[in-house]
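Participant: Attaching a single structure in structure tokens format; questions to follow.
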Amino acid sequence: MNTTISNQTPHIRIFDTTLRDGEQSPGCSMTPQQKLVMARALDELGVDIIETGFPASSHSDREAVAMMGRELRRPTLAVLSRCLQADIETSAKALETAANPRLHVFLSTSPLHREHKLRMSREQVLESVHRHVTLARGYIDDVEFSAEDATRTEEDFLAEVTRVAVAAGATTINLPDTVGFTTPEEIRGMFSRLIASVEGADKVIFSAHCHNDLGLAVANSLAAIEGGARQVECTINGIGERAGNCALEEITMALKVRGAFYNIDSAINTPRIVSTSQLLQRLVGMPVQRNKAVVGGNAFAHESGIHQHGMLRHRGTYEIMRPEDVGWESSQMVLGRHSGRAAVERRLRALGYLLEEEEVKLMFEQFKALCEKQRLVTDADLQALMQDATVQEGYRLASMTISDVGSRANALVELSDPEGNRVAETAQGNGPVDALFGALASATGVKLELDSYQVHSVGIGADARGEASLSVRHDGVEYEGTGTSKDIIEASALAWLDVANRLLRQRERGVIAGKTAAVA
């Protein structure tokens, strides 16, 4: 693809607005110190322009901008300002500490905004653009002008606004899809026509700022690049107003992966992407969904047997980029009900088990049976299956009775031991679960120190079951167990026995000698 490159910039400039537009996402506000921490990460990521805030909106933003200006000397630091003299003066003052400052002024241009928000005519909008861009340029040489709601603005008027802003001294023209309304074909054409027709367009950088209301923010930003845009405004994890903005990690990796098509890349240090994404998640408390492109937990995870088999042959069969290129350590072969025998055998081999063909077949059958009971199978589950294949089954719950004894509870449990004999024991405790665990300890001879215990519902309505999860210690080693039943007390007993039986199996095989292997 060959598109005339405005201003002959050698790469797509990444304008990150996580600290301004991104922070406007409900629940994502940051303190000045948190903004500085995030800005440092954006600097290390290689972002060209960091939009640091909206100084006229709060003292907190002014403080944050000044802090970033004193410390960050490489990237351009931008601040947002309305087309108001007081805003521009406040913004210019906030940028006094910055080595590479940019004033970013904006004004709505669409008929809807002109009539209902601004109550201004076309002529008044043009006059305001000229006056305030000129004012901004008097303070700082690098001035960006944004025509808010550009994609719903009459194109002839948008061309006139652009011409006036360029003539007044704007160095970057941003054409936002403020409400995520446009489509790739429309925005590509808009940029292409304006760059070709507006006087002075070859002297400025054209920029796209796309929102994700229809899920098209990244696609529209790529289309704008095809139309000649050479700056893209985006945020980490795509956070921002309403449905968010163009996601930095997605747009930059699209340019890198499809480099042969776009013939232009960003300067982003892509192996820093995942750590930067995770930092933002911690700072604002907004985790990304697991299937989020590039940075989601499942972005490089493979469960399907067909996919796993292909990945084992050649990773390019089902991955278009390397996880290491964005900061993940490696691809994940997730074991679950869709996994094939080859993936299970490979994982067992990695755990140190070398099996004959018949043993692999038997293990895979047991693996598939386990997958009917739980969504994912961990390494510990595989180890337990291997232990089950070579030693007798452990203790099984035959019956239990819980009763109140004054302020305390009494538990009677009857178990079947590994040889099939019945073992019955009683115990008292401070509540039914405490009594139950005491009786189980007496019956099995296994002493477990309880660290945590949780129960929750699994399923919906009449089919719901209780799942008990517990974390215990034995000889200083931490173990975890789960149990599921219609009765939560029974589920608790099964969770306790889950740990005890695995511990006993490991002991019988000589896997543990007091403190060797943990069961997870």
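Positions of Cβ are set from backbone N, Cα and C atoms, glycine also.
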Participant: Of the candidates ASN245, ASN263, which one does Swiss-Prot list alongside ASP21, HIS209, HIS211 as binding Mn(2+)?
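Facilitator: Checking ASN245, ASN263 against Swiss-Prot: the Mn(2+) site match is ASN245.
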Participant: Give me the sequence-ordered set of same-chain residues, not including ASP21, HIS209, HIS211, ASN245, with a C-beta within 8 angstroms of the centroid of the Mn(2+) site's C-beta atoms.
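Facilitator: Result: THR17, PRO176, THR178, CYS210, ASN212, ALA217, GLU233, CYS234, THR235, GLY240, GLU241, GLY244, CYS246.
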Participant: Enumerate same-chain residues with a sequence separation of six or more from HIS211 (Mn(2+) binding site) and a Cβ-Cβ distance below 8 A; give 'none' if the list is empty.
Facilitator: PRO176, ASP177, THR178, VAL179, GLY180, ALA217, GLY240, GLU241, ARG242, ALA243, GLY244, ASN245, CYS246
Participant: Fewest other C-beta atoms within 10 angstroms of its own C-beta: which of the binding-site residues ASP21, HIS209, ASN245 fits that?
Facilitator: ASP21
Participant: Pop the mean pLDDT for the region 'Regulatory domain' (396-520) in here, whole number is fine.
Facilitator: 81
Participant: Please list, for the region 'Regulatory domain' (396-520), how many residues fall into helix, strand and coil according to DSSP.
Facilitator: 38 helix, 57 strand, 30 coil
